[in-house]
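J.: So Swiss-Prot says this about it:
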- Cys11-Cys20: disulfide bond (DISULFID)
- Cys15-Cys25: disulfide bond (DISULFID)
- Cys19-Cys29: disulfide bond (DISULFID)
Amino acid sequence: VLFTPPELLGCGNRCSDDCCKWGRCQPGCTD
């Protein structure tokens with residue numbers, strides 16, 4: 001089964017990995 005948990009999806013170029021949680025950029029983070 002090819003299932004990727006949301007926390008492993010990443011945010012692409014929207015923000016840094018440090019600011020990315022559950023595939024979303026967290027508030028208060030710089031891009």
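FYI, residue positions are counted from 1 along the chain as it appears here.
Cβ atoms here come from the backbone N, Cα and C positions, even for glycine.
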J.: Round to the nearest Å and give the CA-to-CA distance linking Cys25 (disulfide bond) with Cys11 (disulfide bond).
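T.: Cα-Cα distance, Cys25 (disulfide bond) to Cys11 (disulfide bond): 7 Å.
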J.: Cys29 (disulfide bond) to Cys15 (disulfide bond): how many Å between their Cα atoms?
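T.: Between the Cα atoms of Cys29 (disulfide bond) and Cys15 (disulfide bond), the distance comes to 8 Å.
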J.: I'd like the Cβ neighbour count for Cys19 (disulfide bond), meaning other Cβ atoms within 10 Å of its Cβ, all protein chains included.
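T.: Cβ-Cβ neighbours of Cys19 (disulfide bond) within 10 Å number 16.
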J.: Given the disulfide-bonded residues Cys11, Cys15, Cys20, Cys29, which one's Cβ is surrounded by the fewest other Cβ atoms within 10 Å?
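T.: Counting other Cβ atoms within 10 Å of each of the disulfide-bonded residues Cys11, Cys15, Cys20, Cys29, the minimum falls on Cys29.
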J.: When you measure from the Cβ of Cys25 (disulfide bond), how many other Cβ atoms are you left with inside 10 Å?
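T.: The answer is 16 other Cβ atoms.
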J.: Quick one: pull the CA-CA distance for Cys19 (disulfide bond) versus Cys11 (disulfide bond), whole Å only.
T.: 9
